[in-house]
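Visitor: This structure is in structure tokens; I'll ask about it shortly.
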Number of protein chains: 2
Amino acid sequence: MELLFLGTGAGVPAKHRNVSSLALKLLDERNAVWLFDCGEATQHQILHTSLKPRKIEKIFITHLHGDHIFGLPGLLGSRSFQGGLSDLTVYGPPGIRDYIDISLQVSQTHLKYPLKIVEITEGIIFEDEQFLVEARLLDHAISSFGFRITEKDKPGTLDATQLMAEGIMPGPIYQRLKNGEIITLDDGRTIAGHDYLGPDQKGRIITILGDTRPCTNALKLADSADLLVHEATFAAGSEGMATEYFHSTTTQAAQLAKEAGVKMLCLNHISSRYLKEQSKQLLEEAKGIFPNTVIASDFFELAVPVGSK
Amino acid sequence: MELLFLGTGAGVPAKHRNVSSLALKLLDERNAVWLFDCGEATQHQILHTSLKPRKIEKIFITHLHGDHIFGLPGLLGSRSFQGGLSDLTVYGPPGIRDYIDISLQVSQTHLKYPLKIVEITEGIIFEDEQFLVEARLLDHAISSFGFRITEKDKPGTLDATQLMAEGIMPGPIYQRLKNGEIITLDDGRTIAGHDYLGPDQKGRIITILGDTRPCTNALKLADSADLLVHEATFAAGSEGMATEYFHSTTTQAAQLAKEAGVKMLCLNHISSRYLKEQSKQLLEEAKGIFPNTVIASDFFELAVPVGSK
Ligand SMILES: [Zn+2]
Ligand SMILES: [Zn+2]
């Protein structure tokens, strides 16, 4: 599970930071990629990575500002053109359907895969046996969502070496033991799955926020997360401007990370007013409050460490 | 007057060719730039040139396929964000208005300049004292237009040195002489403007075509043009595929240039199936039929020579 930042700028593209997009690589977990936001030229950025558009299974849109959605029609079309056939679901605020529908219709883009569009409200927007995704509204000029992605705990690995040593050979019985069942063997022995299972592997929590001022819902979404991706459009000291434009500063992001008790903070969505050389300074501002902070740049990849109890 | 190619690929972006866009620089003529098509990431390409988005006065859209329009909402928004205040007119096939309106509406992009959208049909779509632009429908899977841009002849320059030698000093009279008037001076002399004017400067004709199979309207639009920009999606020998997908090959473009009697041909809209190294081969195919051919690549700039009678 890795985050690959495709665009880490704010508002308009700059040479060194494209507009917003962020890939959550779930290749080991489900051979899939989830995208968060899709600013213009996201598909162009992808050309410079090893990401396969056909592996994109879900696209979550935080809000409908152009720098977060104008790459969507192009990516949807190219995914089809490049042989993507599997289902794709786009989750986003109301309005996203009209935008996608008109764009594909007018351009006569005919997708060869089933596209599902889900206009979201607050609450659980996706859940399966592996993941749960919760959305909450943040504090921005237009409806902007934050997402809390919870990976479910995985049962520990089955100790096959020990089982075979005891004469219990691989077969369907292994899955039953993995499920924790108590089984009576043909020879009369009774064995319990949990005696052969390692400790549960704790799932991870990743919080990815759309554009926002610091707010209570951001705090709730980030509560004890393993990783928080928070916007930091402005530098410390520009709180007035941040408030005016419904954004946050580096230190506001760090303060929120601290209050939420997250393990790691990643600053994202940096205004193009800051030059490449200033990234270090922005990072230091946040680190003064929350030491375990990194700052995203285009093509920066961040592994989300495996959780532990 | 120069053409600056911003995207010269077909269908989907590739690393070495972006999707379609082409700037006609009219800086000397009217301190303005006209754009032809606006594929995704056109504004990103512009970042790598000296073009100023605020100088873009008109955008002509040949057809509504995604690779020709998906960069439009982003560019319109950024032009405003970067301080563009002057009028901008977009000309395109019916449907272009819905696409722009919904994209700007959903993303709450508020332009600070007046945007005019003209849904075009065949005929003269623009005319002022300098230029005349004519549109005709080509032969593509959806309505695709070609444009013939005619620069009007300019009167020759006024011989101020001669006038002053004859005691006629600069003033409003010079404009009247430039207009060809016959004027009686205070001292009784009668002088005629045309005696002091150099030869007319012949205007140029540039023909820029959207995606198309070879067709009669392409021939009409290109008739005796100084420069023809023609798509060449496929290599010579792939005429079957070109016909199937409503495109042209290098040699079909060259044949049309020859029949139309243009002065120069520029191949454009090259499929991403052809590698960068193959451009020379594609060019040679066309040159075999029409020697004065060049092939466009991203950021290629082509000066349109001043016409002569
Ligand atoms: Zn934003
Ligand atoms: Zn095309």
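Note: Cβ is positioned from N, Cα and C throughout, glycine not excepted.
Quick paste from TrEMBL:
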ACT_SITE  A:Asp67  active site, proton acceptor
BINDING   A:His63, A:His65, A:His140, A:Asp211  Zn(2+) 1 binding site
BINDING   A:Asp67, A:His68, A:Asp211, A:His269  Zn(2+) 2 binding site
DOMAIN    A:18-194  domain 'Metallo-beta-lactamase'
Visitor: I'd like to know which of the binding-site residues listed (A:His63, A:His65, A:His140, A:Asp211) lie near ligand 1, counting only a CB under 6 Å away.
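Guide: List returned for ligand 1: A:His65, A:Asp211.
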Visitor: Let me know how many other Cβ atoms fall within 10 Å of the Cβ of A:His65 (Zn(2+) 1 binding site).
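Guide: Neighbour count, Cβ to Cβ under the 10 Å cut-off: 26.
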Visitor: Taking only the Cα atoms, work out how far A:Asp67 (active site, proton acceptor) lies from A:Asp211 (Zn(2+) 1 binding site), in Å, as a whole number.
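Guide: A:Asp67 (active site, proton acceptor) and A:Asp211 (Zn(2+) 1 binding site) have their Cα atoms 11 Å apart.
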Visitor: Using a Cβ cut-off under 8 Å and a sequence separation of 6 or more, which residues in the same chain sit near A:His63 (Zn(2+) 1 binding site)?
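Guide: Residues satisfying the criterion: A:Pro93, A:His140, A:Ile142, A:Ser143, A:Ser144, A:Phe145, A:Gly210, A:Asp211.
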Visitor: Sort A:His140 (Zn(2+) 1 binding site) into helix, strand or coil using the DSSP assignment.
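Guide: DSSP call for A:His140 (Zn(2+) 1 binding site): coil, neither helix nor strand.
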Visitor: Quick one: of A:His68, A:His269, which of the binding-site residues has the smallest count of other CB atoms within 10 A?
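Guide: Ranked by other Cβ atoms within 10 Å, the binding-site residues A:His68, A:His269 bottom out at A:His68.
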Visitor: Taking the Cβ of A:Asp67 (active site, proton acceptor) as the centre, count every other Cβ atom within 10 Å, in any protein chain shown.
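Guide: Result for A:Asp67 (active site, proton acceptor): 28 neighbouring Cβ atoms inside 10 Å.
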Visitor: Filter the binding-site residues A:His63, A:His65, A:His140, A:Asp211, A:His269 down to the ones with a Cβ under 8 Å from chain B's Cβ atoms, keeping sequence order.
Guide: A:His65
Visitor: Within a 10 Å radius of its Cβ, which of these binding-site residues (A:His140, A:Asp211) has the fewest neighbouring Cβ atoms?
Guide: A:His140
Visitor: Using DSSP reduced to three states, classify A:His63 (Zn(2+) 1 binding site) as helix, strand or coil.
Guide: coil
